[in-house]
Amino acid sequence: MKNKIRWKFVFLLVGIVLVLFCSKELIFADYRVEGESMEPTLQDGNFLMVNKFMDDASSMQRFDVIVFHATEDEDYVKRIIGMPGDSLEVRNDRLFVNGEYRPEHYLEDYRDDVEGQLTCDFTLEDVTGRTTVPEGMLFVMGDNRRESLDSRSFGFIPIKRVVGKVGARFWPMSATGLGA
């Protein structure tokens, strides 16, 4: 009888581990940052936990850091700057969304460390030929505005290409945190 209970416990434990592992693969993904386009927020070599449970634009917000499929073989990590329907302009290093100034607090320390403008002036129409972000699309930028390959170069990204939102940075241990 004890042996039977022990085996039931082992099967139950194995089942729980399998369910948790499968859930992790469906809901979370790990991602390694490659490159300097998100500095100073994220560094080359950081490991991130990405929440894949994002089904549409309503689960995303402006300034979220996301991972998306840039090509069939390559994923990028960038920050959402423009949501569907937004008009965008950067003037004198200040972001305007739908004509309203939107402070980018995550850039404040970095801005103090560089000489001159961090982000060159542009309008959405200048860089994409459109006055607003189309439905089903996002406009993304790297925090390292001078060195980032982002929507200013390759245009809008389809929401369906978003892998998920960066939830935590877990390596190196000295840089761990939530909401990268």
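Glycine is treated like the rest: Cβ placed from N, Cα and C.
According to TrEMBL, the features are:
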- 8-171: domain 'Peptidase S26' (DOMAIN)
- Ser37: active site (ACT_SITE)
- Lys78: active site (ACT_SITE)
Spatial separation of Ser37 (active site) from Lys78 (active site) - C-alpha basis, Å
8
Note the mean pLDDT of the domain 'Peptidase S26' (8-171), expressed as a whole number.
86
Per DSSP, Ser37 (active site) is which: helix, strand or coil?
coil
Same chain, |i - j| six or more, Cβ under 8 Å of Ser37 (active site); the result in sequence order is Tyr76, Val77, Lys78, Gly142, Asp143, Asn144, Glu147, Ser148, Leu149, Asp150
Neighbour count, 10 Å Cβ-Cβ cut-off, for Lys78 (active site): what number do you get?
24
